[in-house]
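Participant: Relevant sequence annotations retrieved from Swiss-Prot are reproduced here:
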- 15-45: region 'Disordered' (REGION)
- 24-35: compositional bias 'Basic and acidic residues' (COMPBIAS)
- 80-126: domain 'F-box' (DOMAIN)
- 279-439: domain 'JmjC' (DOMAIN)
- His324, Asp326, His407: Fe cation binding site (BINDING)
Amino acid sequence: MPKCKNLLLTSKRRKSKSKRLKLHQHEPESLFPEKEVEEEDEDEGGFKLKIAAPSQEHGVQPLGNLYFNPGAVNVRNTGLGNLQILSDELVLDILGLLGANHLGVLATVTKSFYIFANHEPLWRNLVLEELKGDFLFNGSWRSTYVAAYHPKFKFAGDGESNLKIIDFYSDYLFQSWLCANLEMKPKWLRRDNITRVRGISVEDFITKFEEPNKPVLLEGCLDGWPAIEKWSRDYLTKVVGDVEFAVGPVEMKLEKYFRYSDGAREERPLYLFDPKFAEKVPVLDSEYDVPVYFREDLFGVLGNERPDYRWIIIGPAGSGSSFHIDPNSTSAWNAVITGSKKWVLFPPDVVPPGVHPSPDGAEVACPVSIIEWFMNFYDDTKDWEKKPIECICKAGEVMFVPNGWWHLVINLEESIAITQNYASRSNLLNVLEFLKKPNAKELVSGTTDRENLHDKFKKAIEEAYPGTIQELEKKAEEAKRAEEQRVSFWDSAKTDTFKFSF
């Protein structure tokens, strides 16, 4: 990595392409405390790179370094010629239209094109488009591609070129490397303001968390799961190593995925996230059970026609999911079997900083990577009245994510988890309302019959649980009237139309 002053490592924001037991409860004083302990006033300063971080490929430096190098000329511009007026992102978009042969030729034209044409995400796209999941990761995506088509060709070292370019300055390309090799800063992991419970009854869970739509971390409810004892890498490789699972846009054998995850050094590592794992490998389905709190799963009335609802999740440190709201207005639980995960959650009425949903909610624009969000936007919430709910969920613990909550999850180490989305009486009306939206074709997910899911689900609920929907609608209307009366009382008090008499 080139020598850089810490102030120059301030990143540039980039746009993305669009039984009843005794209750033991540890809870913060309020969900959104007005002020927190001054835990983040002191910034550690700069960034700490991962121990295994390689040197910066090709010598790309942040643009600010140019101003500390009098007389230097940015070879990025001279090497691009008339294309220098284009942003780095646009240059890469154009190069993304090229095949491997043309990228290889272009890399020989100038120093600038050499760097752009060797940008790893370009080669990642080529590997996934052409080879799908049938590849052996070879240290880098470019090396992986070449090895697949020219197995006798040998790269030196880890598959990267030894050619270093001097005086190439680019915030965009430098940050791509930085996000791939940055350790999570301690202050990003320090805040833990979620409610944690152990041995809570189902009734208390519903009244304290599910009905008020409040996140909670559940401890001890995975005791007895065979998966907790069994699901090591060795076990999974032995039992399902040759089974293909969904990894990003491709299907990939688990043993090949582990080879990839061991060697991956990128800001957005591929994530194994498979909704059909139980059908593919019934033994995995038999080694975990739905925690008692989430067994009212009303989508079950649809049988095999229900939308995708459960996933096995495997990924290396740094992998995860950027900010999103779970599909179809469902709530979710996420059980960590091995590893640990950092969670950041915002309530439905608070859009996270750096996240820009479209008016209809069909699309969300957010930073390119999770690390980039922490670098650029985490501190923005420091003075917010409603601060995010944060925690680290460890092996054997379960996170409850209420419907409508924005959440981000990043693996702090290699992790294996099970997650399920569900609809209970507490959020059934929300789900039905969501499914009947005019743009359901764009919003509903996990099924091919998006436009008819509302009618199918409602009919099945009415047949299986007669009167349930009407009862819930009546309770909702009563609660709405009570809230309106409460607001009306205080409004009249504030406008002096209501007077106390003693």
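If you go along the chain as it appears here, the first residue is 1 and each next one adds 1.
Backbone N, Cα and C define each Cβ position, glycine as well.
Just tell me what is around each of these and how deep it sits.
Facilitator: Residue counts for the domain 'F-box' (80-126) under DSSP (helix as H, G, I; strand as E, B; rest coil) come to 35 helix, 0 strand, 12 coil.
Here the domain 'JmjC' (279-439) has a mean pLDDT of 95 out of 100.
For His407 (Fe cation binding site), applying a Cβ distance below 8 Å and a minimum sequence separation of six or more within one chain yields Ser321, Phe323, His324, Ile325, Asp326, Trp343, Val344, Leu345, Phe346, Val401.
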Participant: With an 8 Å cut-off on Cβ distance to the His324, Asp326, His407 Cβ center, who else from the chain surrounds the Fe cation site?
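Facilitator: What remains near the Cβ centre is Ser321, Phe323, Ile325, Ala332, Val401, Trp405, Trp406.
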Participant: By a simple count, how many Cβ atoms lie within 10 Å of the Cβ of His324 (Fe cation binding site), its own Cβ left out?
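Facilitator: Its Cβ shell of radius 10 Å holds 14 other Cβ atoms.
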